[in-house]
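Feature annotations, reproduced from Swiss-Prot:
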type    : residues                                                                             : note
BINDING : GLY10, SER11, GLY12, LYS13, GLY14, THR15, ARG127, GLY172                             : ATP binding site
REGION  : 30-59                                                                                : region 'NMP'
BINDING : THR31, ARG36, ASP57, LEU58, VAL59, GLY85, TYR86, PRO87, ARG88, GLN92, ARG133, ARG144 : AMP binding site
REGION  : 126-136                                                                              : region 'LID'
Amino acid sequence: MRLVLLGPPGSGKGTQATRLKDTFEIPHISTGDLLRAEVAAGSPLGLKAKEVMARGDLVSDDILLGMLEARLGQADVAKGFILDGYPRNVAQANALCALLSKIGQPLDAVVQLDVASELLVERIAGRAKAEGREDDNPESVRKRLQVYTDSTAPVIGFYEQRGKLTRVDGVGSLDEVLERIRKALGR
(Lines of atoms letter the chains of each structure in order from A and count residues from 1; the text may use other names and numbers.)
(Lines give C-alpha, C1' and ligand atoms only; values in the text may rest on other atoms or scores of the structure.)
Protein backbone atom coordinates (compact mmCIF):
# COMPACT_ATOMS: atom_id res chain seq x y z
CA MET A 1 0.00 0.00 0.00
CA ARG A 2 1.49 3.31 -1.15
CA LEU A 3 -0.58 6.09 0.32
CA VAL A 4 -0.59 9.88 0.64
CA LEU A 5 -2.57 11.26 3.56
CA LEU A 6 -3.83 14.83 3.10
CA GLY A 7 -5.70 17.02 5.53
CA PRO A 8 -5.62 20.47 7.05
CA PRO A 9 -3.87 21.26 10.33
CA GLY A 10 -5.87 19.67 13.14
CA SER A 11 -7.54 17.05 10.92
CA GLY A 12 -5.74 14.20 12.69
CA LYS A 13 -3.66 13.05 9.72
CA GLY A 14 -0.50 12.57 11.78
CA THR A 15 -2.39 10.53 14.36
CA GLN A 16 -4.11 8.45 11.70
CA ALA A 17 -0.85 7.98 9.76
CA THR A 18 0.71 6.47 12.90
CA ARG A 19 -2.28 4.17 13.37
CA LEU A 20 -2.24 3.14 9.69
CA LYS A 21 1.48 2.43 9.95
CA ASP A 22 0.75 -0.10 12.69
CA THR A 23 -2.26 -1.53 10.85
CA PHE A 24 -0.54 -2.03 7.48
CA GLU A 25 3.00 -2.55 8.86
CA ILE A 26 4.50 0.02 6.50
CA PRO A 27 6.53 3.12 7.36
CA HIS A 28 4.96 6.52 8.03
CA ILE A 29 7.11 9.06 6.19
CA SER A 30 6.75 12.64 7.39
CA THR A 31 8.69 15.22 5.39
CA GLY A 32 9.12 17.29 8.56
CA ASP A 33 10.74 14.33 10.30
CA LEU A 34 12.93 13.64 7.25
CA LEU A 35 14.09 17.24 7.21
CA ARG A 36 14.98 17.25 10.90
CA ALA A 37 16.81 13.91 10.57
CA GLU A 38 18.87 15.05 7.56
CA VAL A 39 19.84 18.28 9.32
CA ALA A 40 20.79 16.37 12.49
CA ALA A 41 22.83 13.86 10.47
CA GLY A 42 24.72 16.62 8.66
CA SER A 43 24.09 15.01 5.26
CA PRO A 44 24.73 17.09 2.11
CA LEU A 45 20.98 17.68 1.70
CA GLY A 46 20.67 18.37 5.43
CA LEU A 47 23.44 20.97 5.27
CA LYS A 48 21.70 22.69 2.33
CA ALA A 49 18.40 22.65 4.21
CA LYS A 50 20.02 24.00 7.38
CA GLU A 51 21.55 26.90 5.44
CA VAL A 52 18.17 27.75 3.86
CA MET A 53 16.33 27.55 7.19
CA ALA A 54 18.99 29.68 8.90
CA ARG A 55 18.10 32.46 6.44
CA GLY A 56 14.45 32.04 7.39
CA ASP A 57 13.50 30.74 3.95
CA LEU A 58 11.39 27.71 3.08
CA VAL A 59 13.27 24.59 2.04
CA SER A 60 13.01 24.20 -1.73
CA ASP A 61 10.99 21.52 -3.44
CA ASP A 62 14.24 20.11 -4.89
CA ILE A 63 15.77 19.59 -1.44
CA LEU A 64 12.58 17.99 -0.09
CA LEU A 65 12.30 15.75 -3.15
CA GLY A 66 15.94 14.68 -2.78
CA MET A 67 15.33 13.71 0.84
CA LEU A 68 12.17 11.87 -0.11
CA GLU A 69 13.91 10.02 -2.94
CA ALA A 70 16.64 8.86 -0.56
CA ARG A 71 14.03 7.69 1.98
CA LEU A 72 11.98 5.84 -0.65
CA GLY A 73 15.14 3.99 -1.68
CA GLN A 74 15.38 2.27 1.71
CA ALA A 75 14.43 -1.39 2.10
CA ASP A 76 11.57 -0.88 4.56
CA VAL A 77 9.38 0.80 1.91
CA ALA A 78 9.29 -2.29 -0.32
CA LYS A 79 5.79 -3.16 0.95
CA GLY A 80 4.64 0.46 0.79
CA PHE A 81 4.51 3.67 2.79
CA ILE A 82 2.26 6.37 4.19
CA LEU A 83 3.36 9.85 3.15
CA ASP A 84 2.28 12.74 5.37
CA GLY A 85 3.08 16.43 4.81
CA TYR A 86 3.90 16.06 1.12
CA PRO A 87 2.86 17.09 -1.46
CA ARG A 88 1.70 20.55 -0.39
CA ASN A 89 1.33 22.05 -3.86
CA VAL A 90 0.79 20.90 -7.45
CA ALA A 91 4.49 21.24 -8.36
CA GLN A 92 5.33 18.82 -5.52
CA ALA A 93 2.51 16.49 -6.61
CA ASN A 94 3.92 16.39 -10.15
CA ALA A 95 7.45 15.81 -8.83
CA LEU A 96 6.24 13.01 -6.55
CA CYS A 97 4.37 11.39 -9.44
CA ALA A 98 7.53 11.48 -11.58
CA LEU A 99 9.70 10.12 -8.74
CA LEU A 100 7.34 7.25 -7.96
CA SER A 101 7.11 6.38 -11.65
CA LYS A 102 10.92 6.39 -11.90
CA ILE A 103 11.28 3.97 -8.98
CA GLY A 104 8.33 1.81 -10.06
CA GLN A 105 6.21 2.55 -6.96
CA PRO A 106 3.06 4.38 -8.13
CA LEU A 107 0.59 5.58 -5.52
CA ASP A 108 -2.30 3.30 -4.67
CA ALA A 109 -4.43 5.99 -3.06
CA VAL A 110 -4.62 9.52 -1.68
CA VAL A 111 -6.87 10.02 1.34
CA GLN A 112 -8.17 13.49 2.17
CA LEU A 113 -9.41 13.86 5.76
CA ASP A 114 -12.31 16.30 5.71
CA VAL A 115 -13.07 18.32 8.84
CA ALA A 116 -15.08 21.58 8.99
CA SER A 117 -12.96 24.70 9.48
CA GLU A 118 -14.64 25.77 12.72
CA LEU A 119 -13.99 22.36 14.28
CA LEU A 120 -10.35 22.57 13.15
CA VAL A 121 -10.04 25.96 14.85
CA GLU A 122 -11.48 24.48 18.06
CA ARG A 123 -9.19 21.43 17.90
CA ILE A 124 -6.01 23.40 17.27
CA ALA A 125 -6.85 26.11 19.79
CA GLY A 126 -7.64 23.47 22.43
CA ARG A 127 -4.45 21.56 21.70
CA ALA A 128 -2.39 24.76 21.73
CA LYS A 129 -3.89 25.83 25.06
CA ALA A 130 -3.10 22.43 26.57
CA GLU A 131 0.49 22.78 25.33
CA GLY A 132 0.77 26.41 26.47
CA ARG A 133 1.13 27.87 22.97
CA GLU A 134 -0.36 31.32 23.04
CA ASP A 135 0.42 32.03 19.37
CA ASP A 136 -2.33 29.62 18.29
CA ASN A 137 -5.19 32.03 18.77
CA PRO A 138 -8.30 31.46 16.62
CA GLU A 139 -7.35 34.20 14.12
CA SER A 140 -3.85 32.83 13.42
CA VAL A 141 -5.30 29.32 13.14
CA ARG A 142 -7.84 30.57 10.58
CA LYS A 143 -5.01 32.16 8.58
CA ARG A 144 -3.06 28.86 8.58
CA LEU A 145 -6.16 27.02 7.45
CA GLN A 146 -6.64 29.53 4.62
CA VAL A 147 -3.04 29.03 3.47
CA TYR A 148 -3.65 25.27 3.52
CA THR A 149 -6.86 25.67 1.52
CA ASP A 150 -5.21 27.94 -1.04
CA SER A 151 -2.22 25.69 -1.67
CA THR A 152 -3.76 22.26 -1.17
CA ALA A 153 -7.10 22.56 -2.97
CA PRO A 154 -5.29 22.26 -6.32
CA VAL A 155 -3.44 19.15 -5.03
CA ILE A 156 -6.78 17.57 -4.15
CA GLY A 157 -7.96 18.32 -7.70
CA PHE A 158 -4.71 16.91 -9.13
CA TYR A 159 -5.30 13.53 -7.50
CA GLU A 160 -9.05 13.62 -8.11
CA GLN A 161 -8.43 13.99 -11.87
CA ARG A 162 -6.16 10.93 -11.75
CA GLY A 163 -8.74 8.81 -9.92
CA LYS A 164 -6.56 8.44 -6.82
CA LEU A 165 -8.43 10.63 -4.31
CA THR A 166 -10.72 9.31 -1.61
CA ARG A 167 -12.37 11.72 0.80
CA VAL A 168 -12.96 10.52 4.36
CA ASP A 169 -14.91 12.23 7.13
CA GLY A 170 -12.28 13.08 9.75
CA VAL A 171 -14.80 13.77 12.53
CA GLY A 172 -15.35 11.15 15.21
CA SER A 173 -13.33 8.98 17.54
CA LEU A 174 -9.86 7.85 16.49
CA ASP A 175 -11.22 4.35 15.91
CA GLU A 176 -14.18 5.59 13.86
CA VAL A 177 -11.95 7.63 11.55
CA LEU A 178 -9.46 4.77 11.20
CA GLU A 179 -12.28 2.39 10.28
CA ARG A 180 -13.56 4.85 7.63
CA ILE A 181 -10.07 5.08 6.13
CA ARG A 182 -9.69 1.29 6.11
CA LYS A 183 -13.08 0.89 4.39
CA ALA A 184 -12.23 3.59 1.85
CA LEU A 185 -9.01 1.72 1.05
CA GLY A 186 -10.84 -1.61 0.83
CA ARG A 187 -8.93 -3.06 3.80
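Glycine too: its Cβ is placed from the backbone N, Cα and C atoms.
The highest number of surrounding Cβ atoms within 10 Å, among the binding-site residues LYS13, ARG88, is found at LYS13. The binding-site residues considered are GLY10, GLY12, GLY14, GLY172; of these, GLY172 has the fewest other C-beta atoms within 10 angstroms of its C-beta. For the region 'NMP' (30-59), the list of distant contacts is 14, 17, 66-68, 70-71, 83-86: same-chain residues at least six beyond its ends, Cβ to Cβ under 8 Å.
DSSP labels the residues of the region 'NMP' (30-59) in these numbers: 22 helix, 1 strand, 7 coil. Taking the Cβ of THR15 (ATP binding site) as reference, residues of its chain lying under 8 Å away and at least six apart in sequence are, in sequence order, LEU174. Close to ASP57 (AMP binding site) in the fold, though at least 6 residues off in sequence, lies no residue with a CB less than 8 Å from its CB. In the predicted model, the region 'LID' (126-136) has a mean pLDDT of 61. The least crowded of the binding-site residues THR31, TYR86, judged by other CB atoms within 10 A of its own CB, is THR31. For the recorded site, GLY14 (ATP binding site), the DSSP three-state label reads helix. Fewest other C-beta atoms within 10 Å: among the binding-site residues SER11, VAL59, that description fits VAL59. For the recorded site, ARG88 (AMP binding site), the DSSP three-state label reads coil. Here the CA atom of ARG88 (AMP binding site) lies 16 Å from the CA atom of GLY10 (ATP binding site).
Here the Cα atom of ARG88 (AMP binding site) is found 14 Å from that of LYS13 (ATP binding site).
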